[in-house]
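Q: One structure coming up, written as C-alpha cells, with questions to follow.
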Amino acid sequence: MFLYISALILVCMLMPFLLTTNCFSVFVLFLLTVAMSGIAGVLTATRAQEMVLLAAGTTTVVVFVMTVMACICVDFTPFTYIILVITMIVVVFGFFSIALLPYIPMIKLIYSVVAALLMCVYIIIDTQMIIGGKSHELDTHMYIFGSIMLYLDIVLLFFYILDILDS
C-alpha cells in the first residue's frame with residue numbers, strides 16, 4: 001500500500017494537471033479514504049474505547065476551533081513555505097525519535113505534541129485556501145483536492161491526539 005501511495009504522490013508531483021481532472025481526483029480520494037480507514041481501524045482496535053472516544057471528541061473540538069480561527073484570524077497562507085520547512089524538521093526529528101525511543105521514553109510524547117500542533121496549523125492554512133479570499137487559494141475546479149488536504153489533516157490530527165493520550 002505504501003508503494004501505491006508513494007507512486008500516486010510522485011504522479012501528482014510530476015503531472016499536477018491531473019489534480020484538476022475529476023476522475024483522477026475522485027480516484028485519489030477513494031484510495032486515500034480506504035488506506036486511512038484501514039490504518040484508523042487498526043489503531044483504534046488496539047486502544048481502549050474510552051481513549052478513542054476522547055481522542056475523537058478532542059479532534060472534533062480542535063477542528064472546530066481551528067476552522068473558526070481560519071475564518072476570523074489573519075492570513076496564514078503566505079507562511080506555507082515556512083510551515084513546509086518546519087514540517088521537514090519535524091520529519092527528521094521523527095526519524096531521530098525512533099532511534100532514541102529506547103533511551104528517552106518521553107520523546108514519543110514530545111513528537112506527537114509537536115506534530116499535532118503542526119496539523120492544527122495545516123488545518124488553518126488548508127481551510128483558508130479552500131475558503132479563498134486570502135493571498136493563496138485553490139481554484140474552483142480543485143475542490144476535491146482541497147477536501148483531500150483537509151481530510152488528511154483531520155485524520156492525522158486524530159492519530160496524533162490518540163498517540164498523546166496513549167503516552
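Cβ coordinates come from backbone N, Cα and C, glycine included.
TrEMBL labels come from automatic prediction, so no person has curated them.
Got these off TrEMBL a minute ago, pasting:
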TRANSMEM  7-32  transmembrane segment
TRANSMEM  52-74  transmembrane segment
TRANSMEM  81-104  transmembrane segment
TRANSMEM  110-131  transmembrane segment
TRANSMEM  143-162  transmembrane segment
Q: For the transmembrane segment (52-74), what are the same-chain contacts with Cβ under 8 Å, counting residues 6+ beyond its ends?
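A: Same-chain contacts beyond the flanks: 44, 120, 123-125, 127-128, 131, 154, 157-158, 161-162, 165.
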Q: Would you mind listing the long-range same-chain contacts of the transmembrane segment (81-104), meaning Cβ under 8 Å and 6+ residues beyond its ends?
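A: That would be 110-111, 114-115, 118, 121-122, 125.
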